[in-house]
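**Q** If you scroll down you'll find the structure; I have some questions about it.
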Amino acid sequence: MSSVAVLTPESFAEHRSGLKDQEITGCVPEDEAYIPTYLEAFPPLPEKGAPGEKAGEPPSAWGSKIRPIKASVITQVFHVPLEERRYKDNSQFGEGEEAKVCLDIMQRTGAHIELSLAKDQGLSIMVTGKVDSVMKARKEIVARLQTQASATVAIPKEHHRFVIGKNGEKLQELELKTATKIAIPRPDDPSANIRITGTKEGIEKARHEILLISAEQDKRAVERLSLEKAFHPFIAGAHNRLVQELSLETGARISIPPSSLPKDEIVITGEKEAVALAVSRIRAIYEDKAKSVMVVEVTAPAWLHRFIIGKKGQNIGRITQQLPRVHIEFTDGEERISLEGPTEEVEQAQAQIQEIIKDLLVRMDYTEINIDQRFHRHLIGKNGANINRIKEQYKVSVRIAQDSERSGLVRIEGDPKGVQLARRELMEMVQRMENERTKDLIVEQKFHRTIIGQKGEKIKEVRDKFPEVIINFPDPSQKSDIVQLRGPKNEVEKCAKFLQKIIADLIENSFSLSVPIFKQFHKNIIGKGGANIKKIREETNTKIDLPTENSNSEMIVITGKKNNCEAARDRILAIQRELANIKEAEVTIPAKLHNSLIGSKGCLVRSIMEDCGGVHIHFPSEGSGSDKVTIRGPVGEVEKAKKQLLQLAEEKQVNNFTAELQAKPEYHKFLIGRGGANIRRVRDRTGARIIFPSPDDTEQELITIVGKEEAVRQAQKELESLVKNLDDVVEDRMVVDVRHHRHFVCRRGQVLRELAEEYGGVAVSFPRTGANSQRVTLKGAKDCVEAAKKRIQEIIEDLESQVTVEVAIPQRYHRAVMGPKGCRIQHITREHEVQIKFPERDDSAEVSPQENGEVSPEAEFVPRKCDIITISGRAEKCELAKAALLALVPITEDVEVSYELHRYIIGQKGIGIRKMMEDYEVNIWVPQPEKQLDVIKVTGLAANVERAKQGLLERVKELQAEQEDRALRSFKVTMSVDPKFHPKIIGRKGAVISQIRKDHDVSIQFPDKGDEQQDLIVISGYERNVEEARQAIQQLVAELQEMVSQDVHLDPRTHARIIGARGKAIRKLMEEFKVDIRFPQPGSDEPDKVTVTGLPETVDNAIDHLLNLEEEYLLSVTETETLAAYMKPPSRDDSSGGPAKGFVVRDAPWNAAGNKAPDMSSAEDFPTFGTGVAPKQASAWGPKKF
């Protein structure tokens, strides 16, 4: 039975304020004059198992059995001084930011926090709760209520990981312990500085802990030994026993790389002496083994290796236990086993392994079968079920190649009989799988979730019904409608029919209707407690969805079978009719006008509905062919909407009269004419719009005419006349010279096909090759035949006047002339109606290129066969095409640019030169830097080269101007200024020097700490600006030289009031008197000495003002101290009027003869446990609560 004292806020406040005297009874006798003995006041602890202890002895005052009780709840009290408080507004203590922060911390950590304000305006904070909660709360309080400082500590980079600890645990513990934030640089950061942020006390603690960790690591050493890997097992010993013993004996940590790792380096870490001892021991083992080791190889089939090793290494383990100094190594894929060790033991191990091999060859067998890789995963089964069953049943090992190996080889090893049985079963499984069938069902993705069911319940029923069929649904992200079935043929067919029936039911039940119902009637349709809507749903077997209350939609959506949906719709509309005077009217409007009446995004029909009191106008679905338009709403509004709709339809009808005309598709191009000329003439004369069918339309003979009725009739008449003429088929002949026949029939009759398409399908027949006839037959509509004859005559005239022109362009330019995908040549042939033929490429005739891919300009160009381009066509057009080709030949021009400017033209990573090449479509070649040439070559089309040349010269001018400007800006002046004035010239956070730099546009450099001449200041920039900046600094120095410094002694208790919150008051004072005021640092020998610096008259004025402030603040301080002394509760010992005696005991050990009383002032006898916390004066009303 134990008792726990609970510290409540009230009792804590009473304890701190001293308002309640604690009554202590049962501890001292009633007679106050009685002085207890030392043993009574301090009873000794019982000695466990003391030899003189007897069973009959009475128990001591401490009891016979004392078990430590560890409290689960702890309380911590700490103090935040005024100068370190983050929030210093005391006018709303307990209600301001501090209270909000504490409430937030209590909610986050679960700890209880109480605040009280001390006499010195500091904060006393008491935190109660579980240990972890208190530590976390304390850390957050320090971070959020106390001003933060930061410091850095530098330790070697390799020690950082020890500060972090495993998984960062050490760092977290250190941060909690010191209530700080510790930032350690990343491994790739070269900095070794660790930054600590927190309170001054926390920073000191954290810094001390980090330096301790680093000092501990400094004592350690690391040694690396490179020894042949063959000797590592001898150093490690059997099961690493030898290396473990060596580690225990020396105290060093020894790391030997595993056999699978191709490294021969052994790493030893630990104390320096321990590491040296371990290194000497390892070297001794190595040297000993190196003298008495032999290597032997035993031949064994590679597939037997794992059986030789045995299950979990049992077989080979027995050998290594008997012969621990023998190292046995198996090599994958090779039929050899290496044995290494002392000669005698290696021979014994060799004999034992050969016996195992001989035995295994007698009783083991293997076979390999080739199975299509697509069946492998089915052979393995889910989680390896199939293959594991075969292994256990036949006591064999089955090895199936990985998917990445792309091999169908399956290897079976084990007992000969089991191998054959396993092989037979695997082949039977493969045969069954080959007879399987895969079928794809097309199911809309929206039904997949419904077929699968919630948590896969519905598809599980299907799979249970057809257990041999595997059903695979596509991943939702694939947006696929294919559901795959795989299994035996008959079962797949049955499963497919079953699923198709489910899908048909789903499609039938997925019919949807939208019913517009006025918003005010929705609640009546739902009914009290949803009674009406529930009844309609149950009786019609439909799903009815209503819009949410805050939605503007009036549509009610009904889903289910079509008949049921219509029945539910009628019942809902009936409810609306009963509740209001609702009328429904139907208007007949031709379906072709529906789209124009609805308008873009429904704008026209919406305007009618809004104008007519919110009536509903419903058009039939597109493609239904219905002309009925339904209007529903109040009686008067329905009539108004009907009138507006019919009026709008009449207007559309007048301007949207349509007529249709039938014409054969082959006539369409002739009716349209070349470039649309024919049809444009008809449109211009009549004003009607004529629409020909697109290639995707089903009615390819239908031509639609739209417009006003009169215009449509006229256009229809003209087109019918043209079509009638085209229907009158005639046959005509013409004479074409035989030498031109090939042009018309070449390229599989391309020219004839173009004639037929352009001229109403006219058929043009040329005589057969070798017939030696010039007669050509044309058959088709009369107008088409005449137009085709005319066109053939034009082609013949072109052919007869055709000439061939040769253009010599070096082969290396042909690709540039053609352009991307031959676009430039295609443009020339279309524009000038010529044929251009390029020669075959001759790589052997290429001229060896010089720099920039250009041939030497001095070399004379001699045309070769591979350089000649042929142009065929009319003479004048050939000349134009030739000029166009020559204009496409790239030229190269040199631009004089100083070598020093080349790198600026190229730009960073070539960005400048690339941009110029893209902008001007040229290639720019800059010579190598080591050649130091003052020329840049520009290659491209003549026009582009000229533009690039101008652009390059403009860039050169810009760079030269920049160079001149840099030269002007590089003017420097050095001036000597006493280093003591440097801080003043720089100013607070560099404000003064930054302003000088900005005003005069100069660069000002101060000497570094290590420089010999600490008085030199360098100013660089334009000469005039530099001179002005120098004068400004000289003027500033002159003013500083006139200044004086004077000390004044002010009571330290007034310093904080004079400085003000965050130095606001003292800054204002310094600005007012134009002086600098420095207060003493904490711990200074002269805590009352304040230094004032400035001009003599301003210094005197500032000192007078400071003395006045001191006098004023001292009155306030004196009053506060007097009040505090008055409020302090009297001590109980004060009634005696004499000095306090302290605690007195009789018969103390130090009173005995020869003993000396302890020295109370000795730090050795009575060591301190950290800085004590001075008692704080609480309010007479107790601490504030929040």
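The backbone N, Cα and C atoms fix where each Cβ goes, and this holds for glycine too.
Unlike curated records, TrEMBL annotations are generated automatically.
In case it's useful when we look at the structure, here is the feature table from TrEMBL:
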- 147-215: domain 'K Homology' (DOMAIN)
- 219-287: domain 'K Homology' (DOMAIN)
- 292-358: domain 'K Homology' (DOMAIN)
- 363-431: domain 'K Homology' (DOMAIN)
- 435-504: domain 'K Homology' (DOMAIN)
- 509-577: domain 'K Homology' (DOMAIN)
- 581-650: domain 'K Homology' (DOMAIN)
- 705-732: coiled coil (COILED)
- 728-797: domain 'K Homology' (DOMAIN)
- 801-890: domain 'K Homology' (DOMAIN)
- 891-957: domain 'K Homology' (DOMAIN)
- 969-1038: domain 'K Homology' (DOMAIN)
- 1019-1046: coiled coil (COILED)
- 1042-1111: domain 'K Homology' (DOMAIN)
- 1151-1186: region 'Disordered' (REGION)
**Q** Using DSSP, how many residues of the domain 'K Homology' (581-650) fall into helix, strand and coil, respectively?
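**A** Summed by class, the stretch gives 36 helix, 17 strand, 17 coil.
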**Q** So, by DSSP, how many helix, strand and coil residues make up the domain 'K Homology' (292-358)?
**A** 36 helix, 16 strand, 15 coil
**Q** Which numbers of helix, strand and coil residues does DSSP report for the domain 'K Homology' (435-504)?
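**A** Helix (H, G, I), strand (E, B), coil: 39 helix, 17 strand, 14 coil.
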**Q** Please list, for the domain 'K Homology' (363-431), how many residues fall into helix, strand and coil according to DSSP.
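**A** Taking each residue of the domain 'K Homology' (363-431) in turn, the totals are 41 helix, 17 strand, 11 coil.
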**Q** How do the residues of the domain 'K Homology' (891-957) split into helix, strand and coil according to DSSP?
**A** 40 helix, 15 strand, 12 coil
**Q** I'm checking region-level scores; what's the whole-number mean pLDDT for the coiled coil (1019-1046)?
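**A** Averaged over the coiled coil (1019-1046), the predicted model reaches a pLDDT of 87.
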